[in-house]
């Protein structure tokens, strides 16, 4: 763990139709990238969600994962929280460690 | 007697059609039947007029006329040409509207108003005396406003009516003043062919006033600066109304100038005024058109520019060219309006066309050379073949034709430099040039000048031409002249915006310190 | 960057439905943002959810709504209504009291007011449309910097703004976030009211706002942040601090009568003068369960139940055709296919299927060497595969391209001559004469005009070619797509000839032509997908893989693509060069059958088509080329239901071209995967279409596009009504009505499925989109396990037996 740098990791699961807004926030926050997993399944506050649908990418759930320096993460977390305050979706925030911090700045 | 029949056949059909529609509408018959009947009746009127026109070609120096006292209806060459045009387009547009306005609750209103407008317009072009012309002029204005009221429940339509009505009111007052002076001088109705003598008998200041007032009303009817603010606001009426309007009523300005030429044309100052109004409108409307995003908005400002061109030609004194432009543009613009819904389909057609290749400098140079040489040669040949003597003003107008052909051919060749395009393009240019010059020649011959014309000097054409070129250059968003470009663009974008309503309080002025309140 | 503000803008815009451009018209539910909530709460300013009381009473008078329907509707909506009571000595049921109340108590629905256009809206409409102008003759300077910055730079010279404002524009922040934040402070909006303020600002110009939202996600040259930046900055600069509410509906001028008064009225009309206070009190207790504002939707439900009862009642179970069919025809689920299928099926050896019109092959398609492409796939998907054409003869292809280039040269040169500044005058003088002649031909003899046009433009003729499906998809993908299609449709045996017919609509001068094309192909013609699908099925290597998965396609089965022209009802076979000699006879048989069917169908359609007569079918076909025609066809008007199940349920039943038909067989889909795909894709697309029609019919001024006759196109983005204003949304009046009468019956989609209730329930419970739609009454679902089982109705609390009237006996 010696050569690793601490970063903040955000995972957001939202309906696919709300994903563009989250992506916009992530890029606006200065994150250098994100990972998008479409068609995630699970059970949550609104009940069950099946995974990927064959002919419908619009009504599925998308998970967006991004990693950014802790001092940049605060504002993004607040913004996503604001966005999720009225629509469905969840956000998980955790500390994570990366080996090449310059990739995320 | 036969003259009565002939004149009746030409002028009465729209009235009959309108009356029948009114009766059918009252009796509760379906709009569909009324529409079919009206279109058929006007169609017969068109056929009759064509027959009269063909017959009159055989006897060019005897035009049918009906004279009551000094009031008269005369079917001279201009009257017949324009009657054929007006009745033909009206019948065509009414046939179009049978299907287009099917089931529309305002269908009957449209038919009645359209026939009223057609009737007055035919009367206008056939009027042989000042009083009758005045009646037709005022009637056509009123009928246009009625036609614009086809969709009266819409707020935009009511706004259009208000604007049109007020502009026409001002202009028609000017017209009435001028006509009253003429009629009082003539002590009664005044045949148009005696207009020159009566006008000349007036003292010069009065002559000039008369001429200027006539010009004012012509400018308003053709939506020319400074009366341009009504035409762009008339789009809340069904498409056939726009087609009819842009092909007919807006041309009335030129008709007035042509008919009242004996009172206007001798005064060069007035003619220069006409020219300037046309030229300014031409440049202004061309610029606005470039910035418009909507298809009908573009057509409106295109009409305005075309009217500017026509009025400008009148100012130069080349009335035949103006008349020629009027007829061709009417056909042109009515087609474009009726087909205003083609955009999506055209886009789909373009999508399937093959990708364009990259042209080498050599082919581009060849394309440019050919596109300059071929049209000039064709035009010169056509001129030589048909009319060896031409005035400077006509030459100036022909320059427009030559440039247009060059642009068209150059674009075609730079898009596809192939033998097929070269041959096709050259053949089209030659055929169109010869056809153009020949037709123009026919118009000039038919419209012999009977009066002294002191037109604006032809070199003035350089001004609007220069203006147009500047606008064209600015529209390519050059890096130079950024300030001028931004200025012109912003003005054109907001040109059709109604005036901002008065504000309850003066606008807040943020001082530079106010920006400190901005979270960064 | 102000992230919180961005999030607030996104929150405010959450319920806004993106609206697609007109060139690829996608039917959407304009109120889709309300789908997570009950249907009846979706009413908004300027939007009504049901028709007027007079319309329903008229329906009751002509038997379109009968008492049984009202009883059923009340039973569903007000389950506590039960029992008997005695009024003035007469014994009546509670339900009949409620029905009487519905008939005699007056109410008025709020009139959907046409949006007014205050100056700020008009100003913004002009700037937004000029900025987005898709084929500008003069592109907006500084466009590359984004909407807010372009406006900020240009507004300094805007003569329509006061001088003081112009001067201060230069001092505005450069970034839209900062400008918006500044404006909110300036306007005195408290921090906790920001989202609400932004939301109410987005209610103005809903058409442009919806399009900007679509564009931000798909193209990205404008977003709602920069739009709001301009809008609120301008408000702040002009001192328009009072943020006005969006145009509301004119309030119903008659307040509903008080409960007691209602009850008195009802009691008197039952018991005459003998009704006393106790009777009235009893009645009022009943009426309290069904307040007047609920009446409209109860009427609407009765209206829908009447149709559903008749539909379910008409379903049957014809015997399966056991010998091998000689011909199979697969058509889109589009209701218009139903007519063609019904008439082709008069031949017993013909079998037809319904499947989403993109045939399960989602592609971006471009013609051979073409410069543009279409996204021929449902709007629910993103295009990932590019399909194009490969010509069969290279010499022919060369010639085709040459013609295309020449045509391009002609079009470009006329366009440039027409759109320059110096050239249009002489251009009009020269071409006006030609245009006049074209006008006459188009108006008087549209068919002849079309023929001449085809003759003069050989470049538009189709080039004999094959689609490059093997390049677009791997073998494995192709086999998977084929298997999916077979399992979704439930084909058990294959005929020697299988026709896959996509559909397209042909019309002239019709800005909404795309709305008449295939919805499953993203508002495009479906021919390309049909060709791709046929090519997949015909490939021997695909068949080998399919055989390994238990799907045996006999070697003598040949698949061929076709296109159904929904205006002329011609079904044209495509890629005819591929037909093997052995199948020529079968093809002839199909052509004959299709031709006969088309003749009957077009007469049938002519009965409903405004201005058409069954006696002159050629005039109906002429509408494909008629530029004056505003009713080229009726499209999906009348759509009301969707049936998912084997064709045996509906074969031989006249469904009046009102029903989406998706073939499905439980036997081929044991795990329910195919059913889940059907319920989450074709069903959702059908629901979008259904609600688009529903709301365009009920709210022509706000959610519909109004009359076509004053439409003014902004490129291929959309239309304005008149010279300026908001972009119109939805369908034009000519899609749903004639004169002042609707011909589209606005009904929420009735879904009928024949499949195990358990698997349907499981699918619904794990797809939020279906839970939203069903639990909130946006659509209804009626199902049965198999042809012998009774019908059940889906409710949020489980399946209940469908009312007796719905039992298909």
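Please read every residue number as a count from 1 along the shown chain.
Placed from the backbone N, Cα and C atoms, the Cβ positions cover glycine too.
As stated in TrEMBL, the feature transmembrane segment covers range B:267-287 out of the listed B:204-224, B:267-287. Counting Cβ pairs closer than 8 Å and at least 6 residues apart in sequence, the transmembrane segment (B:267-287) and the transmembrane segment (B:37-57) reach fewer than three and form no contact. Within the same chain, residues 130-131, 134, 137-138, 141, 144-145, 190, 195, 198-199, 202, 206, 209-211, 213-214, 216-217, 219-221, 227, 229-230, 263 sit at least 6 positions outside the transmembrane segment (B:166-184) and bring their C-beta atoms closer than 8 Å to a C-beta of that stretch. Within the chain, the transmembrane segment (B:37-57) has long-range Cβ neighbours (under 8 A, six or more residues past its boundaries) at 6, 9-10, 12-14, 16-18, 20-21, 24, 63-64, 75, 77, 80-81, 83-84, 87-88, 90-91, 94-95, 97-98, 111, 115, 118.
For the transmembrane segment (B:108-130), the partner stretch with the most Cβ pairs below 8 Å, chosen from B:77-101, B:241-261, B:392-410, B:456-475, is B:77-101. Tertiary neighbourhood of the transmembrane segment (B:299-320): same-chain residues 218-219, 222-224, 228, 231-232, 234-235, 242, 246, 250-251, 253-254, 257-258, 261, 265, 271-286, 288-289, 292, 326, 329, 333, 336-337, 340, 391, 393-394, 396-397, 440, 443-444, 446-447, 449, 453-456, 458, 460-461, 464, selected by CB-CB distance under 8 Å and a gap of 6+ residues from either end. Summarised as a single figure, the pLDDT of the domain 'NADH-Ubiquinone oxidoreductase (complex I) chain 5 N-terminal' (B:71-107) averages 93. Note on the transmembrane segment (B:392-410): residues 313, 316-318, 321, 367-368, 370-372, 374-376, 378-379, 383, 425-426, 429, 432-433, 436, 455, 458, 461, 465 of its chain, located 6 or more positions outside it, place their CB under 8 angstroms from a CB of the stretch. The DSSP breakdown of the domain 'NADH-Ubiquinone oxidoreductase (complex I) chain 5 N-terminal' (B:71-107) into helical (H, G, I), extended (E, B) and coil residues amounts to 25 helix, 4 strand, 8 coil.
Sequence-remote contacts of a segment are chain residues at least 6 beyond its ends whose Cβ falls under 8 Å from one of its Cβ atoms, and for the transmembrane segment (B:422-444) they are 81, 320-321, 323-324, 370, 374-375, 378-379, 381-383, 385-387, 401, 405, 408-409, 412-413.
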